[in-house]
Amino acid sequence: MSKFIFVTGGVMSSLGKGIFSASLGRILLDEGFSVTILKMDPYLNVDAGVQNPFEHGEVFVTEDGAETDLDLGHYERFLNQNLHRINNITSGQVYLSVIEKERKGEYMGHTVQIIPHLTGEIRSRVTKVAEASKADFVIVEVGGTVGDIEGLPFLEAIREFWAEDPANSIFAHLTYVPYLETTDELKTKPTQHSVGELRKIGIQPTLVVARGVKELPADQKRKVALFCGVPADHVISLPNLTSVYKVPNYLQEQRVGHLVLSSFGMAPRTAETETPWVRFTWTIDQAKTPRRLAIVGKYVQLNDAYLSLREALHHGAWATGCDLHIDLVDSEDVEKQGVRLLDAGKYDGILVPGGFGKRGIEGMILAAGYARTHNLPYLGICLGMQVASIEFARNVLSIADANSQEFKPESKDLIIYLMPSQKGVQKLGGTMRLGVYENTITPGSRVQEAYGASTLSERHRHRYEFNNDYRTAFEEHGMRVAAVYPEEDLVESLELENHPFFVGVQFHPELSSKPLQPGPLFVAFVKAMLAHEG
Ligand code: GLN
């Protein structure tokens, strides 16, 4: 029988409920329990797949090919385990399934309503995750902010969940405590209001977590406690820290693990304090050798657009003692102003990340060419492998019109073209090549050196692929195929033979990288940057 911890948010969004939920999961794991986390997203999209990265940040892809909210990435990284499609529930999914059931007549003529039908559907999905995972703790993060209209069915569903079995559920509410400079004060009124809002719908939080720029002092904790109906030690302060990975340790200093366990009448199973996680967090401050990387892409305005990628790069950097500084360079600027943006020994490496659509492509091609001709370490991910192939075809093989079907379908030389399985696909949602595929690695390649194995399994999210008609010419001129998907003979990785590190991969290695298991390609790439001398 699982215990349930429901995490809600108040006052405003982007407070870090995902990091808090993931950190709580980490704490409970380290106290000897099994944990899973699921995210409820109240938006009406069925999944995150067709959402614009500018608006929502990156789309995270699970091993089983679901396109999910980026919080799933936090969960996987903190828990050091992989989650599944069922760990992300959206309003779109639950409405869709209720309406489909209604059309099939499954409600036997009853009026179909938000309560109990929609809330019932939500509850059954939570139960399904508990049953499938058999986890001791199921942490459920409710997206959005208390008071949002679209979040109400989810809050009602978790209230019903608790009401049915109060001994096995608790609530943690994350709020914002603003700091007022003019009076040098932390203001708790918004927190009081937001907990008031929760209580109005029948939810009494067990823990109140105060986010803010500053630590909440003891007297303020007592005030929040009084107004919110919790003991003072159940008010947790969570100011901004230098790394999100330090949040579990910070929460443990306030005995959050103990508070959660004792509210279920439980005790920790282990007393280890120097856990692998704690030891990992020490490496963050020990990374001293500075290196500078340019990510040349199109989604540079929003930090979250390359979230997993930045995390993976840091995992690789911390594992190798590198203090990595990442600059986001707009590929359109490179297109307009040229490679001088990358010039003058500013960077120790260039990375072109995944992306869709034509805008800024020529800038990415220039960046790949710059890395190739300047012996600068290069990692091309998905689109980044595709642009590197186009650049190589144009400038090494002298195929002037080389392009991708995505950007110039009329080109005579489509180095990158639509996968046969994608021809005729009309629907946008959930129709790409998604999820994990096992690749065979070419012996003696850099990819093999990085993975130290003869196969690799990484996640995918793309429609286009390398055109095998050009394979021999590429290989004859020093661009080696480093990994393939043997079932369909798809090129999954290309690398330059005579270059310190120039690797393109069709998959997304950033999605599986975790602090306790850094992605091998990121470790190898950072090592190449460390070896690079300006
Ligand atoms: N747009 C390219 C494709 O669909 C690359 C996708 C990506 O980078 N994720 O193949």
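Note that Cβ sites are derived from N, Cα and C of the backbone, with glycine treated the same way.
Quick look at what TrEMBL annotates:
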- Cys382: active site, nucleophile (ACT_SITE)
- His508: active site (ACT_SITE)
- Glu510: active site (ACT_SITE)
- Ser13, Lys187, Thr188, Lys189, Pro190, Thr191, Gln192, Lys223: UTP binding site (BINDING)
- Ser14, Leu15, Gly16, Lys17, Gly18, Ile19, Asp71, Leu241: ATP binding site (BINDING)
- Asp71, Glu141: Mg(2+) binding site (BINDING)
- Gly355, Leu383, Gly384, Met385, Gln386, Glu406, Arg463: L-glutamine binding site (BINDING)
- 3-265: domain 'CTP synthase N-terminal' (DOMAIN)
- 303-527: domain 'Glutamine amidotransferase' (DOMAIN)
- 1-266: region 'Amidoligase domain' (REGION)
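Cα spacing between Gln192 (UTP binding site) and Leu241 (ATP binding site): 24 Å, rounded to the nearest whole number. According to DSSP, Met385 (L-glutamine binding site) sits within a helical segment.
Long-range Cβ neighbours of Lys223 (UTP binding site) (same chain, at least 6 residues apart, Cβ-Cβ under 8 Å): Thr188. Proximity of the recorded positions Leu15, Leu241, Cys382, Leu383, Arg463 to ligand 1, judged by a Cβ distance under 6 angstroms to any of its atoms, singles out Cys382, Leu383, Arg463 in sequence order. In sequence order, the binding-site residues near Glu141 (Mg(2+) binding site) (Cα within 10 Å of its Cα) are Lys17, Gly18, drawn from Ser13, Lys17, Gly18, Thr191. According to its DSSP assignment, Leu15 (ATP binding site) is coil. In this structure, the C-alpha atom of Lys189 (UTP binding site) lies 17 angstrom from that of Leu15 (ATP binding site). Ranked by how many other Cβ atoms sit within 10 Å of their Cβ, the binding-site residues Leu15, Leu241 place Leu241 at the bottom. Lys17 (ATP binding site) is 34 Å away from Met385 (L-glutamine binding site) when you measure Cα to Cα.
Under DSSP, Lys189 (UTP binding site) is assigned to a helix (H, G or I) in the three-state scheme. His508 (active site) carries a strand DSSP state (E or B).
When the recorded positions Glu406, Glu510 are compared by the number of other CB atoms within 10 angstroms of each CB, Glu406 has the fewest. According to DSSP, Glu141 (Mg(2+) binding site) is assigned to a strand segment. The two recorded residues Pro190 (UTP binding site) and Leu15 (ATP binding site) have their Cα atoms spaced 14 Å from each other. Counted within 10 Å of its Cβ, the other Cβ atoms near Ile19 (ATP binding site) come to 22, all protein chains included.
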